[in-house]
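Down below is the structure, laid out as structure tokens.
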Amino acid sequence: MLSAAESILLCVVTTESVLGVLGNGFIGLVNCIDWIRSKKFSKINFILTGLVISRIFLIWILICKAYVKTLSSQPLDYGNLVEFMNYIWVIVNHMNIWFATSLSIFYFFKIANFSNYIFLWLKRKIDVIFILLIGCLFASWLIAVSQIAKIINNAKAQYRNTSWQVQLWKSVFFINHASVNIGAILFFTVALITCFLLIISLWRHKRRMESAFSGLRDLNSEAHVKAIKVLISFLILLVLYFTGISLDTFYAFMPASKLLFLSGLTTASLYPCCHSFVLILADRKLKQVSLRILQQLKCHEEEDLRAV
């Protein structure tokens, strides 16, 4: 039986999941329609489409974990269902972080303006960088899947072990879990660095423009401020996501603390849910399409009310 706080958090996770699927599904649908119309699928469209698809799968895994682990009367932590979900989770989680990192790298080399030789050299090698990133993704998958298998086997064995062996399992668990997420942590670090450097570049450019126009803020300056806000929101949501995943990890040692588990999922779900709407509001095309849809829904609602 769930407590009041646990029930509220479960409802919040469910709401975040529904909104996240709608937001990411909308972005993916608009990109696919543009691809069909233009018959051109650019690199940025590929990254955005892959990002929203991976987020939809990520949201479904998060919500399934929430209901299985909180509403089940039996300890299914290492049953066949959750064991299968863990493998899917590892693959989707790494893919999601990979696409987010690729998006930050793409905008970093496209927008940032540095005179550093290394930056200019890397900018010319952008295609090679993405090939290396794909190789890193496959390598991280291989490492993560092998390590998650060790975690599951150790977790099954710990129920049959003595107390000192359980303590040993806990120390091994942290080592294996770090190995599982080594690829995601690497991508996460690269995303943080590129976003931070891009914010610095945009801020410097904004200050130079304001100095050139005697402190007056023009449209370009407003666009830079908007881009900085989007990047900061992305960084905050990404940090919250990893914080929530960390809380989910600690749940393995406190299976009775469902409140901790749901708190972690609620925090982690903010990233795939909220960032989709940040992208919609920041992109002019997505924003215009969403406004047209809302206007049509409002018109249909008014017509239905008149008919009644």
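Heads up, the Cβ atoms here are built off N, Cα and C, so glycines get one too.
Keep in mind that TrEMBL annotations are predicted by a computer and have not been checked by a curator.
The model shown is predicted, which means the values in this text are computed figures rather than measured ones.
Quick look at what TrEMBL annotates:
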- 46-68: transmembrane segment (TRANSMEM)
- 88-109: transmembrane segment (TRANSMEM)
- 129-152: transmembrane segment (TRANSMEM)
- 172-200: transmembrane segment (TRANSMEM)
- 230-253: transmembrane segment (TRANSMEM)
- 259-282: transmembrane segment (TRANSMEM)
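Panel annotation: around the transmembrane segment (259-282), residues 3, 5-6, 9-10, 12-13, 16-17, 19-20, 23-24, 26-27, 48, 52, 55, 58-59, 62, 65-66, 69-70, 96, 226-227, 230, 233-234, 237-238, 240-241, 243-248, 250-251, 290 of the same chain, lying at least six beyond its termini, place a Cβ under 8 Å from a Cβ of the stretch. If you count C-beta pairs under 8 angstroms between the transmembrane segment (88-109) and each of 46-68, 129-152, 172-200, 230-253, the highest count goes to 172-200. A Cβ distance under 8 Å defines the sequence-distant neighbours of the transmembrane segment (46-68), meaning residues of its chain 6+ beyond its ends; these are 10, 13-14, 16-17, 20-21, 24-25, 27-28, 31-32, 76, 81-82, 85, 88-89, 92-93, 95-96, 99-100, 102-103, 106, 248, 261-262, 265, 268-269, 272-273, 276, 279.
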